[in-house]
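Copied over from Swiss-Prot, here are the features:
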type: TOPO_DOM; residues: 1-109; note: topological domain 'Cytoplasmic'
type: TRANSMEM; residues: 110-131; note: transmembrane segment
type: TOPO_DOM; residues: 132-1025; note: topological domain 'Extracellular'
type: BINDING; residues: H464, H468, E487; note: Zn(2+) binding site
Amino acid sequence: MESFTNDRLQLPRNMIENSMFEEEPDVVDLAKEPCLHPLEPDEVEYEPRGSRLLVRGLGEHEMDEDEEDYESSAKLLGMSFMNRSSGLRNSAAGYRQSPDGTCSLPSARTLVICVFVIVVAVSVIMVIYLLPRCTFTKEGCHKTNQSAELIQPVATNGKVFPWAQIRLPTAIIPLCYELSLHPNLTSMTFRGSVTISLQALQDTRDIILHSTGHNISRVTFMSAVSSQEKQVEILEYPYHEQIAVVAPEPLLTGHNYTLKIEYSANISNSYYGFYGITYTDKSNEKKYFAATQFEPLAARSAFPCFDEPAFKATFIIKITRNEHHTALSNMPKKSSVPAEEGLIQDEFSESVKMSTYLVAFIVGEMRNLSQDVNGTLVSVYAVPEKIGQVHHALDTTIKLLEFYQTYFEIQYPLKKLDLVAIPDFEAGAMENWGLLTFREETLLYDNATSSVADRKLVTKIIAHELAHQWFGNLVTMQWWNDLWLNEGFATFMEYFSVEKIFKELNSYEDFLDARFKTMRKDSLNSSHPISSSVQSSEQIEEMFDSLSYFKGASLLLMLKSYLSEDVFRHAVILYLHNHSYAAIQSDDLWDSFNEVTDKTLDVKKMMKTWTLQKGFPLVTVQRKGTELLLQQERFFLRMQPESQPSDTSHLWHIPISYVTDGRNYSEYRSVSLLDKKSDVINLTEQVQWVKVNSNMTGYYIVHYAHDDWTALINQLKRNPYVLSDKDRANLINNIFELAGLGKVPLRMAFDLIDYLKNETHTAPITEALFQTNLIYNLLEKLGHMDLSSRLVARVHKLLQNQIQQQTWTDEGTPSMRELRSALLEFACAHSLENCTTMATNLFDSWMASNGTQSLPTDVMVTVFKVGARTEKGWLFLFSMYSSMGSEAEKNKILEALASSEDVHKLYWLMKSSLDGDIIRTQKLSLIIRTVGRHFPGHLLAWDFVKENWNKLVHKFHLGSYTIQSIVAGSTHLFSTKTHLSEVQAFFENQSEATLKLRCVQEALEVIQLNIQWMVRNLKTLSQWL
C-alpha cells in the first residue's frame, strides 16, 4: 500500500520536511496561546471533547487513580461483573468511624465473612502474579494464555468468550471463502453472506474469527461427513473484533467443515473497509460509488473472516449491482445473471490463494482502456469523464509488467490486471491482487496540466503497486511486524524498475532525497526497528511509516551494492520461487541470500544488525598517511549529550565503500565490511582526500576529521565534478546533519555549499535548498526576520546565476525541469530576480483567458501561488477549482489557495476539506501541511487539529499514516517551551492509546530538538551570517 502525500519527496508518498527534525515534510503547525490557568474539576466536565473521566461514563463523579486503573482492567477483560458504581462508594460511608462516637465491636459472623473475603482476595492476587509470564518475540506471544483458565473475557451476551488473545488461534484455518454481497449505494447499506470452508489442524470445539460492525442474522455449521446444516450460536467480543462459534460437535484434526454466516452492515463513511463515495459529474449530477480498503485490518468489517495475513485462502465473490453500474473484483468476471428487482449478480472466478487484506471489490460507473499482454488483460478504469487521462498509466503498466516478469522469472499468475482511479481515496494506492486501486492524482495523467513531477509520481506508484504483486501478494509476511518485507521491497523495486525502464526520469534523485528524509526520522529516539513487535491496531497502523517503506528499501539497496546486482537478483528469484503463495518471516529472506552466497557471507547475521535495532550508524573517518581509521557509533539526535543511550549495545555490519582522488572515479570503488566498533583500512597510495559511502548506497552518515572535511570542501571549490552528483548531495546532507548534532560548526556547512555557484545538477541544489529552508523556517516562525532575510540573501547569492538562466517553459530534460521548478519557487517565495513580476504576468494572462490559456506545467504551482496573493486572484482560483478535470491541476490550485496570508481563508479551507462537500477530505492532510509551512498559518493548523481531533481520528483512524502526517505537520515547526507544554498537555488529555502513539512521542521530541537547535546556534548564526 502507498501512503500518500504529494510533496517533493515521498515518505511513504512524497513528503517534504520543513522542520529541523521532522521527516514528514510538507506538514504544518499552528497553535494559539496555551491556557494559563489550570481547569477546575467542574470545568473538566464541560470540555468539548470530554475528558477521560467522562468517557468512562461516570458523569459528574470523579474517580481516583486506583479506581481508574480498576475500571480499565474491567474494560480490557470485558468483565461486566467488575464494574463499580459510585453508589457503592457512597454507601460505604456509613461504616466509617464517627468523630464523636465509640467503635462498636463487630459480630462473630461479620469477622468470619471479612476473613473469608480477605483470604479469597489475597489468593486471587497471588495466582495472578505467580502465573508464568509470556515471552514476547517480535512476532507476538505464542505461549498459551494460562491466565485465561481463571479469567476469561465476556461476550456481549454475558457468556464467557473462549479466547483472550488479540491474535487468532491456529487450530482452524480457512481454505475457501464464498462471499455474496448486495450493496445499496443510496442507503449506504449492504447485505452479505459468507460460506467458509475450514480445516482443523488441532482438535478443538471453538472457531474464532474476526467480525466487526455486522448484524449477524444466521449462522450454520456443517461437517464434511454430514450434509446436514446445523444452526449454531455465536459469541461476540467487540473489544478484539472477534466472534466465536461453538461447534455442535468436536472438530477433529485433519477434518474439513463449513461455516455459513448471513449478515447485514453499513457501508463505511470513512476511508476504511467497504466504504461509500458520492461525487458530482460534469453534468452536476450526484453519483454513487463504493470501494474497499482492507489493509491492514478492515476486511473483517466487510465480511467475517480470519483477518490475519498468514491465513491465506481462495475466494469466490458474487456482487449484486444496478444495471448501470460496473462491478470489479480481484479475479475476472465469470458470469452475470439477472437478480431480483431488475438487478444483476456478477460472479467472479475463484481466486488464487491470498490474504484477506488483498481482497477487493468496487461498484460504480466506470469506463476503461485495455490491452492484452501475453495472456493477461491489462485495463485502466476511471470515471467516464476522465477516461482520456488513462493512456500514460496503461503504457507504463505494460512496460513494467513485462520487466518484472522477466526480472523475477515468474509470470504474473492472473488472467487480468485492473488499475482503478477512485474518486475519493485516502492512501496513495493499494496493491489488491488483480485490482489495484489509486487516488486519481496517482494514476491519471493529463498532458496539458501534469508536470514532470506528476509524471514521475504516477510512474513510480504504478511501479510500486505492480512490484507488490510479487512482494506481498505472492509472498506475504506472516504478521505485521515484518511489514517491511512487503513495503521495503516494493519501494526498492519501484525505484529500481523506473531507473531501468524510464532512465530519463532520473528516479535515483528521488530515492536519494527519500533516504535523506528517512534518516532524519530514524535518528530520533522515538524511532523503531523496521521489524518490531506489534499487537494492537494502533501499533499495526503505525508500522505504515517511512521506515517500513524507505529504510527497508535503503537496506536492500545497500545489500545489492555490496553483493553485486547479479547475486542480489538470484537470491530474490530463489526467495520468490521457494515461498510462492506462502506466508514468511524475515529469516526466510536471509536464508535465500545465504544459499546463493554459499555461506561465504552470513547475510542473516549482517542484516539483523539493521532490521532488529532502530537507528543507523555514524562512521567517523580519520586519514593518517595511507591508513583510514574507522569508528562506528549510533547517530542519535539527542536533547542533551548525557541523554544518549549507552553505545555499547549498538553495532552494525557496515559495507564501507569509498573513492579517492588517486584513481579515476568512474572506474574505482573499494568496499569492505566494518563489523566491529573500530577498524583500519589500508589505502594503496597517499591521497589528498577520501569520500566514504560512495554514491550514498550505504545507510549511514560519515563524519571526517577537520582536515579531511577541509580537503573535501577545497576539492568541491576546485572541481566538484570529480565527485558524482549523488556524492555531492551526500556531503551536503551529512555536514548539515552533523552541524545539527554539534559535531561540525554550522559555519563549516555553509563553507561547503559555497561551491554551489558552479553546481548544475538537481540533487545537490535541492538538498542545499532543503537544509537551508529548515533553518529559515525556524528563524521566521520565531520572528527573527532580519536574520532569516540574511540567510535568504546568502543562498540567493550562491544560486543567482542558475536562477537567472531559467525560462518559464517546459523545455529540457526531466531533471532540468524539476530544478527549474525548485529554483523559481524559491525565487518567487522570497521575491527575488524579478520572479514575482514574471509569475504575475503569466497569471493575469491566464485569468483573462478564463483559465483556457495554457501555462508551463512545471512552474504552474509557482504562478498560482503568486496569483493567490491577491483577493481577486484567490477567488478566481477557487472558482476554477471545482471545474477542473485534472487532479494534478486541482492539487496545484489547492496548494496555492492554502498559501494565502488571509487566516480566515485558510481556516475555511481546512474546515471545508474536513466537511468534504466542496473539497474532498482526502485533501485535508495536504492543506494542513501547506497552511503550516507559511508564517500566517503556522499557528492556525495546530488550533484546527486540536479543535477537530475527534473528527480526524474517526475519519482517518488512530495511528494511520494520515494521522501521523497531520500530527507531525501541525507541530514540527514549534520551537518554544510554551508550545511544547501545550502539545504535551493536549495529548495527555486524550486517550492513553493516543498519548502512546509513536507520532505523538516523535512530535514532542522534535519540538525539544528544535528548541535545542535554536539555543545552540542562534547566537553564532547571527554573528557570522
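Positions of Cβ are set from backbone N, Cα and C atoms, glycine also.
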Arithmetic mean of per-residue pLDDT over the topological domain 'Extracellular' (132-1025): 94
Secondary-structure category, per DSSP, in which H464 (Zn(2+) binding site) falls: helix
Candidate with sparsest Cβ neighbourhood (10 Å radius) among H464, H468, the listed binding-site residues: H468
8 Å Cβ shell about H464, H468, E487 centroid, Zn(2+) site members excluded: M1, E2, E431, E465, A467, F471, G472, N486, F489, A490, T491, M493, E494, Y549
